[in-house]
Amino acid sequence: MKHKRVTIRDHHAEAALFARRVFVSLIIVVAVFGVLLSNMYQLQVIEHQSLQTRSNDNRIKVVPLPPNRGLIYDRRGRLLAENRPVLSLEVTPEKVADLDQTLARLQAILQLTDDDIAQFHENRRRERRFNQVILRDRLTEQQAAQFAARQHEFPGVSIEARLVRHYPYGEAITHALGYVAKINSRDVANLREQEKSANYAATRVIGKLGIERYYEELLHGTIGFQQVEVDIHGRSIRTLSIDPPVPGQDLHLELDIELQQYAHDLLGDDRGSIILMDPRDGAIRAMVSKPSYDPNWFAQGISYAQYQSLLNSKHSPLLNRSTQGGYPPASTVKAQIAILGLDEGIIRPDTKIWDPGWFQIEGVDHRYRDWLAWGHGWVNVTDAIVESCDTFYYDLALKLGIDKIHDHMVQYGFGERTGIDISEESAAVMPSRGWKRARFNQPWYAGETVSIGIGQSYWTTTPIQLAVGTAVVVNSGQRPVPRLLAAIQEGEVKLPAVVENKEPVVLKNDKHWNVAKNAMDLTVSSIKGTAHRAFKGANYTSGGKTGTAQVRSLGQEEEYNAEDIAERYRDNAMYVGYAPADNPELVVIIAVENALGGGGSVAAPMARKLLDFYFEQEQKYAQR
Amino acid sequence: MRSAEHNNRWLQRFHIDGQLFVALLVLAVISAFTVYSASGQDWGMTQRQVIRIGIAFLGMLVIAQIPLSTVERFSLPMFTLGVVLLLGVLLFGESSKGAQRWLNIGVATIQPSEIMKLAVPMTVAWFIAEQGLPPTKRRLAAAFILLMIPTLMIAKQPDLGTSILIASSGIFVLFLAGISWRLISFFAISIGAFIPILWMFLMRDYQRQRVLTFLNPESDPLGAGYQIIQSKIAIGSGGVEGKGWLQGTQSQLEFLPERHTDFIFSVFSEEFGLVGVIGLFAVYGFIIFRGLIIAMRAQKIYQKLLAGSLTLTFFVYVLVNIGMVSGLLPVVGVPLPLISYGGTSMVTLLAGFGLLMAIATNKRLVMHD
């Protein structure tokens, strides 16, 4: 071919050569399309599944949805803990061009504090860039309006409504109801240990105290999930599917918020505790501990300074005095001692002793003084309760001995937790030889037994223990477990909370209950009774026992004068009572720390007012 | 075929190849729909694309009317003008995205490399046809130098994609002209030897990065490999039937970069699946087949070579673009012909098809002569 090139061109040869080359090209084209197509087959058919998965991983984000926390109602359906929408100013850092400048301008417009800004930077570190970070919680309406008017100037900044736990009755109910607060690192560790972390993925707060803590599992609910489609910037475009959260269960408490508030106000500025409980089933109608504090501080995020002030207050507001306060029971447990004396046969209902105003252990100089300096004269067991004769019990306790007293008193629940449905409870101290040996490595002395007879010495009780102890007496041995929870809302149905009674106190002779209870009735009804004056003119019957507990032992010749003595060393005023006298439906426990007066003059009048109020209420609601 | 042409005297008169025209129209429609989807349903962009297609089609029809003798005569002057403009670009060109491709001539900016896409095959074809087939070695060498001048100038801009297309357009002329297989082997080996030189001296960093990423995209999933990975995910997740028009999550949610330009094939594959891909290949295949038929039927060597080269260059467009978005070839920035958003390549490509139509409809006129 090469040599055939001449001036006369062979058009046919040229065309044939060209045609062959076009044919080769066509084969190459077909082959290349074959390769491209097989590659497409590889991607779209063979690798389809895995690439489809990667495509979904790109675009689908699972967003956990927090369940709404269950609400808490009192026994008459009033809301004690609710979820309130609050407006918060939130920033999505990714969408903000110049974060520092934006923050500075917002700070100027909305009068944000430097703390707000610092907190924001703190929060921001924990969130992803395209997530919203709270800049300011709880905007005022004015702030919200100011921002709304200029929102267009702040891309990436928005006002969001969130649900925040709110306690409308504030400090009146704090210790019983408790509160929720931000989940901290310890909560996170606990949740992980209990394998509940997953359920809390979207939850910001957790019950920290009281009912909110004890029934956390019921109140919290179950987390939900939302599958959203996101674009490359992580913005969610649309919701693909939603598995809604299951809200927490609503709880109904036995508490009566009116009674609770009344009791709270009644204590005024005094420190102490008030408990109102139905002795038949342990239902708590009111449980107050003073001083108190506003649980909303915690629910909304307490500042460090605020928390420190609560923690360091010498009045210990954080302590739930009703369940953690260890008070010497003083004379309020005389009924129980008397019952033991009768049942052990050491005294009989008509056994009388002479009270000169003091008691002495044979061969010992020390005089145990009666509160009535000149003595009660001849007293039997009933008189000794009604008039609260100390000498009678010094004598009885010594005859019984610490072992018998301890073994009997623990049956009432003294020295152990009552099992009330909050976690903050202490066992207080029902002393014994073993206890003293373990505690002080010392033997038990007879003189200490004498003091135990009037509920002093090492013996301490929590007010809730006194409530149970008193209930046992009026129930003739039945020992209820105190409880705040009345029912759990399960859809339309209220599932009543049932708690089994503890082991009853069994006497050799059941009549001994009546002796003690009769004496407590007389404490109110008899003119000689220490609570008589307080309950004069009441339109219901009741019984009770006063108590005046020494916080500090007096010297042999020292006179006690409440006015003179340092406030912290004043006596505690105590009262345990019940009403109506026959078939009681309420026991009332009053403990006032360092009171200006004793059980009869300070605590019993409080009990009177409470019972008056209670029966008025019952009547009012019965009429409706 | 002959009777069809008889029945279409009107088409013949206006130098329109009916089959080619219909196939190109199909691509134009596909382009409009795919751009609408790939632009995030941007109606404005879609409108602009449709207007461009319209203008480019008009341009095609105008060029089809130019007598081929005129085209042939203008080959060398056009080439010369192109080289001058390319020189201008290298000296005074405007930069965009790190490359100098545009020349501001006062009233408008033009991209001389686009002129070269037509001027190179025209000139090489003219140069070879002048002598007849097969070309002598001397003429081949001269032709090779001729096509390498603009290729290297464009590679220097740098615009690797276009320089590949332009080099291929010239090489295809030589191949179709009957260059001996021995020479072809020689060139293949030379190119092999040229690769290290290209790598070390001629390629810019970003071009090297593209090649490295091509070799192992997963090595840099968030950086340079990202495009290829996301593109493969888009294509693969489309499956056989596709996710449906406007339903491609990879493209609609912006995981795919450059999805309405160079990577529009990924959008198409994601939304229309393997079925759509086969359909698109069929249209491309038909156009290439038709182009080769036109080349075969052309009477004059110049026309044969030009028609064949334009057709095979179009094929290279398809190959390089689809190859790169599906991970077979490195990313070199070649649009999917007649589908990708953008006017420049559209106009040049359809101008080329205008020449093809002129050649297709020239035959009868020659016979009448």
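A Cβ is built for glycine as well, from the same backbone N, Cα and C atoms used for every other residue.
Look at TrEMBL and you will find B:20-38 (among others) tagged as transmembrane segment.
The feature transmembrane segment is assigned by TrEMBL to B:50-68 (among others).
If you look up TrEMBL, you'll see B:74-93 (among others) marked as transmembrane segment.
Look at TrEMBL and you will find B:140-155 (among others) tagged as transmembrane segment. Tertiary proximity for the transmembrane segment (B:140-155) is limited to same-chain residues at least six positions away from its ends with a CB under 8 Å from its CB atoms, namely 79, 82-83, 86-87, 90, 113, 116, 119-120, 123-124, 127-128, 162-163, 166-167, 169-171, 173-174, 179, 183, 202.
For B:161-177 (among others), the entry in TrEMBL reads transmembrane segment. Distant neighbours of the transmembrane segment (B:161-177): 113, 116-117, 120-121, 124-125, 128, 133-135, 140, 143-144, 146-148, 150-152, 154-155, 184, 187, 295, 304-306, 308-310, 312-313, 316-317, 320, 332-334; these residues of the same chain sit at least 6 beyond its ends, with a Cβ under 8 Å from one of its Cβ atoms.
The transmembrane segment annotation in TrEMBL covers B:184-202 (among others).
Sequence-distant neighbours of the transmembrane segment (B:272-293) (same chain, 6+ residues past either end, Cβ-Cβ under 8 Å): 17, 19-20, 23-24, 26-27, 30, 238-243, 245, 307-308, 310-312, 314-315, 318, 356. Under the heading transmembrane segment, TrEMBL lists B:272-293 (among others).
Per TrEMBL, the feature transmembrane segment maps to B:305-332 (among others).
Sequence annotations record features per position, and here TrEMBL assigns transmembrane segment to B:338-360 (among others). Same-chain residues lying 6 or more positions outside the transmembrane segment (B:338-360) and placing a CB less than 8 Å from one of its CB atoms are 15-17, 20-21, 24, 27-28, 30-31, 34-35, 38-39, 45, 49, 52-53, 55-57, 59-68, 71, 111, 114, 117-118, 122, 260-262, 264-265, 268, 291, 294-295, 297-298, 303, 306-307, 310-311, 313-314, 317, 321.
Here the transmembrane segment (B:20-38) has Cβ contacts under 8 Å with residues 11, 45-46, 49-50, 53, 57, 60, 245-246, 248, 251-252, 259-260, 264, 267-268, 271, 280, 283-284, 286-287, 290-291, 294, 337-341, 350, 353, 356-357, 360 of the same chain, all six or more residues outside its ends.
Long-range Cβ contacts of the transmembrane segment (B:50-68) within its own chain (Cβ-Cβ under 8 Å, at least 6 residues beyond either end) map to 14-16, 24, 28, 31-32, 300, 302-303, 342-343, 346-347, 349-351, 353-355, 357-359, 361-362.
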